[in-house]
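Listed in TrEMBL:
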ACT_SITE  C261  active site, nucleophile
BINDING   D30, K35, T86, T121, E153, K264, R329  NAD(+) binding site
BINDING   F150, L151, R152, E153, K205, F250, L251, F252, S253, G254, G258, K322  substrate binding site
DOMAIN    315-417  domain 'UDP-glucose/GDP-mannose dehydrogenase C-terminal'
Amino acid sequence: MKIAVVGTGYVGLVTGTCLAETGNHVTCVDINVKKVEAMKNGQLPIYEPGLELLFHRNIKQDRLFFTSDLAAAIEDAKIIFLALPTPPGADGAADLSYVLGAGADIAKLLKEYKVIVTKSTVPVGTADKLTAVLKANTDVEFAVVSNPEFLREGVAVDDFMKPDRVVVGTTDERARKLMGELYGPYVRQGNPIIFMDERSSELTKYAANSFLATKISFMNEIANLCELVGADVDMVRKGIGSDDRIGKRFLFSGIGYGGSCFPKDVQALAKASEENNYDFKILNAVMDVNTIQKSVLVEKVKNYFKGDLKGKKFALWGLAFKPETDDIREAPALYIIDDLLKAGATVAAFDPEGMKNVKELLGDTISYGDNQYDVLKDADALLIVTEWSVFRTPDLDQVGSLLRNKVIFDGRNLYDLQKMIDCGFYYNSIGRKIVS
Ligand code: UDX
């Protein structure tokens with residue numbers, strides 16, 4: 001099938017590449033001419049495990065194309081995906097100007113029936129707004145479909161190729177058939193394509209992400225309580241997660257959720273509720289808990305050093321908001337760095353993929369290591385911020401000899417408590433006993 005994808009950000013690129021992988025002819029459009037040229041030359045602008053292989057293969061086999069020419073891209077396409085940014089506006093609501101603007105441009109180019117799909121996370125009612133914009137600019141028939149993405153960074157290719165479910169919001173029969181054909185190869189194992197109306201589909205995305213964020217904030221509160229009552233959150237997690245109704249996944253307490261989706265989507269859903277005169281109490285609590293949780297690690301540090309961090313040096317392992325990505329949007333690391341610098345401390349950080357982005361943002365307000373041991377030299381303590389695999393089994397003798405004090409604050413609960421005692425560390429993690 002001929003497909004166009006408008007917008008080559010993270011979602012657009014993963015969508016376009018993975019749609020080409022099952023034999024579709026996919027043209028990706030972006031207004032950024034330089035970026036388009038680079039992609040034509042085989043340069044992938046994002047880091048996502050597994051994507052590069054598919055990207056090169058599909059370019060080479062003439063199934064994946066890039067252009068800045070919207071008209072050429074959509075000419076033969078039966079389905080046009082919109083994967084455009086929807087940044088939060090000043091009032092917290094998603095800014096739809098890119099999506100609606102693209103809708104107007106596409107409408108003026110329409111010559112025959114096409115399906116226009118919103119892939120970006122958009123507020124409930126966007127399909128209707130987009131339909132109105134298109135109708136105002138064309139007499140040609142079309143359908144607007146909501147098809148939210150559920151891609152996790154780091155495993156996005158797998159999530160796209162083998163989704164737990166595909167949600168398609170449309171009340172148009174022709175669109176339903178085309179979307180069913182397109183996604184058929186991705187749900188061969190029997191996972192469902194769930195068809196519903198546009199508004200339910202739009203809300204499904206927000207509900208999914210907000211529910212997951214709620215699970216995380218709930219566990220972060222359990223962790224805080226564990227510390228007060230002397231319980232171990234890892235045990236509690238295992239104890240409740242083995243109940244199928246609760247499930248084992250997404251129960252890890254830590255230093256708050258970050259990334260490009262959860263913070264934005266929870267806020268947007270709270271905002272949408274407010275606009276509909278509904279006080280969504282749980283969501284407000286989820287956001288409050290997350291804000292507090294981003295500061296717990298530095299609070300622990302401050303308590304240990306009796307409030308005086310001036311002139312102290314801290315080593316940070318991890319900057320990206322989670323492992324296997326270079327994404328630092330809403331990363332807890334940024335809040336931690338800010339708190340430490342404000343308290344007069346210095347920071348030396350290492351992250352396998354995230355340092356380039358942090359350097360662009362913070363420059364040399366902190367220093368960076370070539371590897372994880374580099375940053376430890378003469379540091380007063382090590383803070384573990386992102387749970388990259390490479391941090392899971394470090395050479396603890398080396399860690400201990402490089403640090404000025406054998407002190408670790410672990411925001412991701414990577415190490416066994418007994419091991420830390422055996423190795424002679426002061427070790428303060430989340431929702432577990434402090435050992436030394
Ligand atoms: C998320 C959703 O999972 C995905 O379906 C959606 O389409 C986009 O948003 P992503 O932001 O890539 O994906 O990351 P995810 O793995 O879901 O983690 C989000 C945040 O929650 C991270 O900051 C992570 O550290 C945190 N988290 C996750 C926890 O603190 N505890 C957990 O148990 C799981």
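Glycine is no exception: its Cβ is also placed from the backbone N, Cα and C atoms.
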Secondary structure tally of the domain 'UDP-glucose/GDP-mannose dehydrogenase C-terminal' (315-417) (DSSP, helix then strand then coil): 36 helix, 18 strand, 49 coil
Least surrounded among the binding-site residues, given as T121, S253, when other CB atoms within 10 Å are counted: T121
Greatest C-beta neighbour count within 10 angstroms, which of the recorded positions L251, C261: C261
Cβ under 6 Å from ligand 1: qualifying binding-site residues of D30, F150, R152, K205, R329: F150, R152
Between K264 (NAD(+) binding site) and K205 (substrate binding site), the C-alpha gap once rounded to whole angstrom: 12
Listed binding-site residues D30, K35, T86, T121, E153, filtered to Cα within 10 Å of K205 (substrate binding site): T121
Cα-to-Cα gap, L251 (substrate binding site) vs R329 (NAD(+) binding site), nearest whole Å: 22
Set of same-chain residues at least 6 away whose C-beta sits under 8 angstroms from F150 (substrate binding site): D159, P163, D164, R165, V167, K205, A208
DSSP-derived structure type at K264 (NAD(+) binding site), helix or strand or else coil: helix
Maximum Cα-Cα separation in Å among residues F150, L151, R152, E153, K205, F250, L251, F252, S253, G254, G258, K322, which the record lists as binding substrate: 24
